[in-house]
């Protein structure tokens, strides 16, 4: 069913004007809606990107190590897909702005101008017909007035003509006046008829031709506006539909990332990350305290000879032994014999040397090490040795992996330098053959620099390969308990001192210097631990002179810090200050533990 505004709404000019104005406001409101939706998409995409960036692994941080697990890699893939997902929302915002907001903004301006033109023509036609009507009304009133005056003039003439007392001249004057009025009335009538005919024609043209044409244009404008809104709504849906395939791919990527998680691989990676390479501890040997009652004269003399001629001193970490925060170093540093029993004398301080620890029969290597410790210069050599080897707090297996990774990095850098050297060598050959292309001598400084870098990298590679070989050798020997117990000390001592045929030791200063230089590099890679925290305090009940390695002397009533409690062997680890710590007999002290402090961590 078709309808035409020109015929159906010929008298609704004002209502059409209001309706078209509302239509433009509706388009503006829809444009504002799309604009706000675009702003929401941009804000949402920005927040999604910030969220993805926030949880991305930081460079050179601990988080990068976590991504060796499949679950962490899957999370990283999910973050990357989420970043692409945010990009699709940015595409939606861009397309909404380009295809809808800009288009509707431009169209609204054109629509306002077109509407203004049509209603301007309508108002002008309306004004013209109103002016015609006013002219008709004016001629009509003038015709009516002239007719009334003509009637009055005729009546006056008839009255004068009937009066016998009036002169002939007056009668003639009244007759002429009546005829004049009748002529004026006739002219007014003709003018009125002319205006009436003109108005009827213009009115017919106005309502049946001009106004329908204007209203038809307004109707077409309105239909075009509605069609434009429909197209914009369709474009709005298409903009969202176009990104669905890529959004679906992003979601598929997240699903695939979740499917790539392998719990078995992650648990295997835990083994690769934390495997120490140590064997589980064996059975605990019997510690017979009754042997202290049957000490031989030679052993007592040996112990007394060690104590004579030197002041009592503490074999603490800062002065002799480099304690570390793990069970392996604690076992190496802790005394290898049972603690002495508490003194039974009422005056323990009167004992010349304090209670003596019972001496177990020592193997030859241990006996030689005790003698080795008595030399000040030899102790300095041992410090250099232990700093380069025993202070490597990492377990052997982890140390091997880090050394292998370091070697791989050095080899990569070495290959880069070699490639640069080859390229510069070829360039120099080209310059030699073609001097006009460049000076061959200009390449020499760079070649010399690269050569020095290659030499340094090769030296580092050999150094780390030697350390790696040593660690792998220890791992290979872990199945032999005897070699595992004595192999390290026998190797390192032989490196420090050349063994003569008669069993005496000769200092090897070149080896000492080599080990010291190695220790510095080793410390740079592995030694970054802090002192153990205190877990309480203790008060000494008796004086104790720590003459064994790893022990510390104390006076009666002295207050010390406890850093490691008794593990069942009768010894407690204490600290006097930052540089002095060691083991004391548990039965010689009274311990006050701090319930809020955490104990020392022990690693096996």
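Glycine residues also receive a Cβ, built from the backbone N, Cα and C atoms like all the rest.
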Matching range for TrEMBL feature annotation, region 'Disordered', among 452-477, 478-503, 504-529: 504-529
The annotated coiled coil range in TrEMBL, which must be one of 288-315, 372-399, 400-427: 400-427
For the domain 'F-BAR' (1-266), mean pLDDT (0 to 100): 90
Tally of residues which DSSP labels helix, strand or coil - the domain 'SH3' (533-594): 3 helix, 29 strand, 30 coil
Long-range Cβ neighbours of the coiled coil (400-427) (under 8 Å; 6 or more residues past either end): 272, 277, 394, 438, 443, 446-447, 450-451, 453-454, 457-458, 460-461, 464-465, 467-468, 471-472, 475, 525-526
